[in-house]
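Some features that TrEMBL has for this protein:
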type	residues	note
BINDING	Gly510, Ala511, Thr512, Gly513, Ser514, Gly515, Lys516, Thr517	ATP binding site
COMPBIAS	217-235	compositional bias 'Basic and acidic residues'
COMPBIAS	249-298	compositional bias 'Basic and acidic residues'
COMPBIAS	324-350	compositional bias 'Basic and acidic residues'
DOMAIN	492-697	domain 'FtsK'
REGION	208-350	region 'Disordered'
REGION	750-769	region 'Disordered'
TRANSMEM	20-39	transmembrane segment
TRANSMEM	80-105	transmembrane segment
TRANSMEM	117-134	transmembrane segment
TRANSMEM	140-157	transmembrane segment
TRANSMEM	164-182	transmembrane segment
Amino acid sequence: MSKKKNNSTPLISYERKMEMLGIIIIAIAASIAISIITYRSEDFAIIQSVSFRTLMDLGQGPALRIQNGLGPLGAYMSHFFVHILFGYISMILVVIMLSYGWNIFRHNALAIVHLKSLYAVFVMILSASIMGWVHNEFDAVSADWAGSSGVAIAYLLRGLTGQYGPVIILGSMSLIALILLFNKDVQSAFDRIRQAGVWFGSIFSSSASANEDPEERDAASVKQVRDSAQEKGSDGSRNQKNGTEEDEDSRRKRWEELVSSSSEREQARKLKEQKETGETRPPRAILSRENRGDDGAERGSSGKNEPGDDQGADGTAEAGEQDVDIRIYKGTPEEEAGKRKLEKERKKQLEKPQITYRFPALDLLDKAPEEDNEVDYEEINRNKMIILDKLNRHGIDITAIEAIVGPTVTLYELQPAPDVKISKIESYANDLKMAMATKGLRIIAPIPGKSAVGIEVPNRKKETVYIRSLINTRKFAETSMKLPVAFGRTIENEVFMVDLARLPHLLMAGATGSGKTVGINTIITCLLYKCHPDDLKFVMVDPKKIELSLFRNIQNHFLATLPNATEPIITDTAEVLQTLNSVCKEMDERYDLLKMATVRDITSYNEKFKEGSLDNELGHRHLPYIVVIIDELADLMMTAGKQIEEPIARLAQLARAVGIHLVIATQRPSVNVITGTIKANFPARVAYRVASKIDSRTILDTMGADQLVGRGDMLYNSGGVSMVRLQNAFVSTEEVDRINEFIGNQTGYDRPYYLPETEDPNDQGGSLEKGERDELFEEAAKVLVLHQQGSVSLLQRKLKLGYNRAGRLIDQLFTAGIVGPYQGSTAREVLVENEDELQELLNDLDN
């Protein structure tokens, strides 16, 4: 009964019903809009003065005198919306209806529309109340702008709160409406207003010094602050604790104001020079030596020099004596693609899909909150001075520094003097880590492709990279990659994308809580947003039983399983082994198809199949990509060992050309889990934070993963010389739930993608008892003997059977001695030569 129900097709599909509903809502909204625009108060008086029958007589007087664009019906509607409700402001209701109608017609998510509609209703009631108050107090506007409801609310406020109460209430509500509309940081806005007032005051108070050089004035101000800081610093050790903290806070505030103003002017001057010279490189902020030296000397020496330590005449510490400029650079995010562009690019891929499928909407993903992501010049300058101080104390001279600010870490690129040995800088990693009081510091000596040494220092304030900010970019929307994965953002703030079809396999490792599971969700989410179910299937293996269970709702769209699988997500070790062997068999069958089609890869094969040059009768079919995801390899290796390693190694060596790719993750990257055989066939590797240097060497062949800070901080190595440090995109459980619910609610295929069944060494075939034999047993035997070919696909074509039943028939025929054992990708041998011999065998079985 259930199978029959699944195959039944409704007369009108759900999609068409939604489109018709959207058109109806838009038509009603347009009618209301016309009636409101052409509203005349006299029309309703005419309607009330005549009978309904007279009104319907359109050939006579009363109906002809109604001026509303929709006639008597429009007069009724406009009287309700304009006179009774909120006047002409009721047009906001029309906008809400049009928004709902359009989004329903376009099959867009309505969650955002609900929120915006609530805001629009709030603004409508507020605006009508303000119009009603203006009408009641000043009679400056017509009551038609407020409606009876708006006027009544204004009267109520006047009666309850007196003359000034409505002004306070309506004014505060208007401010709240503006805050919700612009969604900006109110505190920052007020601070800017206050700073503007201070700036205007400083202009009028400093007119006598208008011709003074700004840079000289800044330098003098900085020197004054520096000298004052030195005096207070020498006396501060003898003061009480509270007084010291107050002095320190005041110095810090004055210093931040000076550095900020100087830095902004310097940056503006550099940008102006770039525009004049036609340079197009990204904006960089260059801090002057005075700013850097003062801040760095004070903070770098605080708590480290004795009170009697001597400093130079200008107060600069020993480390600041080097004339080194620091160039600070933070990349800008890529251009957003927008919903329409993303949908357009995805539709380009579809050619006669087997099912009607809507890609997940962008609104299912959370927007990144608006945060202040400006460069923290104070932090960068402090770190720079610590680096210079420590290296200079050990006789290492640095000629130039460049700071590249990323979401999680800042990369300081140092250019050492020609006589400096690189290994000497590496040896002071622990000293720098202690001086900066940070964890996760990593030294790259040298940076591949550059004559510089890199020092990666974690930021005090880390940015969260949301998956929506990656998917909603032109880079992701317009990519030609077959299996694009946007992992996250680099230190330069660029979207980092890889093509899983070209890797061709990925090995991931990370300790508990480092972001490994979120990384797997990132891979799956990117593929779901880019690939159609016709073109992609997942085999998900989850021994922990909870990590990938969120994706069970999409089993009839995107999952591939064994025909007799008990769960769409494989969790049992025995089923895992059988499934991996089945994927190997799928790989062998695909190679046979490619051989018959005389092509070398899955892309060429599918193009040939779409052109119609391959015969379906020979078993040719469209081949989707298959991505095998194993979330915890360590548990499988402990229970199955070599049995698991063999199919994984075979798939890693051979499966790329036929579109089968592996993503394997483990939280214990030891050598007995990631064996040499597995490791050799996985050139692309991702490392999150691991527990030790040994684990880092196991996964990456080098150290560094043990110095990561966790929470998505990762290193990616594609088998080349250099590694890339990234901040992995964040995908919440709620987002994954919404995506799966959106896909699962659509009409999918009748079943998951079935992998071919393999021989179970413990299974001796189906039962041969006459009552338990398949009713098509004899007919199937005759078909195989007639064609002398023992294959499941032959029974499927000739007897119109599903794969599962045809496989059981083959098992029973093998047990009966009619066909031989399983022989890999080739058909079984038929052991009976003719029908007479077959009939004798069948008679013996019956007896």
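Note: Cβ is positioned from N, Cα and C throughout, glycine not excepted.
Since this is a predicted model, take the numbers as computed values, not measurements.
Overlay of TrEMBL feature records on the structure.
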residue : record           : Cβ contacts under 8 Å, 6 or more apart
Gly510  : ATP binding site : Lys516, Gly519, Ala665, Gln667, Ala687, Tyr688, Arg689, Val690, Ala705, Met714
Ala511  : ATP binding site : Gln667, Tyr688, Arg689, Val690, Ala691, Gly710
Thr512  : ATP binding site : Gln667
Gly513  : ATP binding site : Gly710, Arg711
Ser514  : ATP binding site : Tyr688, Arg689, Val690, Leu708, Gly710, Arg711, Gly712, Asp713
Gly515  : ATP binding site : Tyr688, Gly710, Arg711, Gly712, Asp713, Met714, Asn728
Thr517  : ATP binding site : Glu547, Asp631, Ala665
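Simply put, out of 20-39, 117-134, 140-157, 164-182, 20-39 has the most Cβ pairs sitting under 8 Å from the transmembrane segment (80-105). Outside the transmembrane segment (164-182), and at least 6 residues removed from its termini, the chain residues within Cβ reach (under 8 Å) are 119, 122-123, 126, 129-130, 133, 154, 157-158. Each residue in the domain 'FtsK' (492-697) has a pLDDT score, and their mean in this model is 90.
Other than Gly510, Ala511, Thr512, Gly513, Ser514, Gly515, Lys516, Thr517, the residues of this chain whose Cβ falls within 8 Å of the Cβ centroid of the ATP site are, in sequence order, Gln667, Tyr688, Arg689, Gly710. Secondary structure from DSSP puts Gly510 (ATP binding site) in coil. Using a 10 Å radius centred on the Cβ of Lys516 (ATP binding site) and all shown protein chains, the other Cβ atoms total 26.
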